[in-house]
Amino acid sequence: MNYLEFEVIWGVNNIYSILELKSKLIYEGIFKGKVLETGCKEYSPLVPGDIVLGYIYGSRKVYIDKRASRKNILWRYNRKADLRQTIVSNIDNILIVNSANFPEMKNFFIDRVLVVAEEQNIVPIIVINKIDKGISQRVEEFSEIYKNLGYKVLKTSVKTFEGIKEIKEVLRNSRTSFIGQSGVGKSSLINLIDSKASQSVNEISHKYSRGKHTTVYAISFYSESGIIVDTPGIKEFGIETLPFENLRYYFKEFENFASLCKYKSCLHVSEPCCSVISSLGNGISKLRYESYLKILSELKNYKNYAR
């Protein structure tokens, strides 16, 4: 059987739009059987960025038989299914898009995404969008905290074009996913970066103080700058299936202090002679530490619930 390689562009209800890698032609792909055998229970067996093997059986139609191994995944916890839900795969960068003012920038959301990025070896870039409407002192403080940790922080506006050139530099010759809560302006940024991207943009719903979901499914497309993956606006980004003992490794500022803790198994909560705790406010941000404790509590509660 003559297998061909395809890249998943997007899909819904187990019907996928896939790109044949050699011809660059788009096909409609479906599973040969009822499900795709991946060796584990998954909420999303195929997502944008996946490479699959299949064969053509009709006019622009393909039976998908296998999924190639993934370099990495951007995932979150799906509470309803009680599983990890993969959003995109095989990406180089993730742009975590936030609003400078409305909807309110939330460091807890950013920190959860950063944990997954660190776990999966994805380069995270924090974007503060809509700066033409002003930036609060609180947002500026968040920005400095992440900059001091070595994370790239870009300030952008689709009205003044500030930061757009820098985003295009990030995108160049790479695969980059945009993620953010509803209403932060992801689709507006993508439309400005690539005018051919037919992304709909809705006004923020003031009634609920959140944005309307304008991108319903994750979708990737090739732009002049690089490969872009847009994702739906996300209200919550849970990471409950991450083992709580591992969380400490993904707060990068702990690394230089953890080796000085009395106990190797130190979780930096209430243990005696904890170098991380003693460094709060002097090398360790109190805001980031509060975020760590909150996430750690969630992971512990999930483990107890799952027993």
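Any Cβ shown, glycine's included, is placed from N, Cα and C.
Annotated GTP binding site per Swiss-Prot: ASN129, LYS130, ILE131, ASP132, GLY180, GLN181, SER182, GLY183, VAL184, GLY185, LYS186, SER187, SER188, in sequence order. Annotated Zn(2+) binding site per Swiss-Prot: CYS261, CYS266, HIS268, CYS274, in sequence order. According to Swiss-Prot, the feature domain 'CP-type G' maps to 80-237, an assignment based on sequence analysis.
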From binding-site residues CYS261, CYS266, HIS268, CYS274, the one whose Cα lies nearest SER188 (GTP binding site): HIS268
Between LYS186 (GTP binding site) and HIS268 (Zn(2+) binding site), the C-alpha gap once rounded to whole angstrom: 35
Nearest of the binding-site residues (ASN129, ILE131, GLY180, SER182, VAL184) to CYS274 (Zn(2+) binding site), judged by Cα-Cα distance: GLY180
Binding-site residues compared (VAL184, CYS261) - the one with the fewest other Cβ atoms within 10 Å: CYS261
Overall pLDDT of the domain 'CP-type G' (80-237), taken as the mean: 87
From binding-site residues CYS261, CYS266, HIS268, the one whose Cα lies nearest VAL184 (GTP binding site): HIS268
Candidates CYS261, CYS266, HIS268 (binding-site residues) - the one closest to ILE131 (GTP binding site) by CA: HIS268
Proximal residue to CYS266 (Zn(2+) binding site) among binding-site residues ASN129, GLY180, SER182 (C-alpha distance): GLY180
SER182 (GTP binding site) CB neighbourhood, other CB atoms within 10 A: 20
Nearest-integer angstrom distance between the alpha carbons (Cα) of GLY180 (GTP binding site) and HIS268 (Zn(2+) binding site): 29
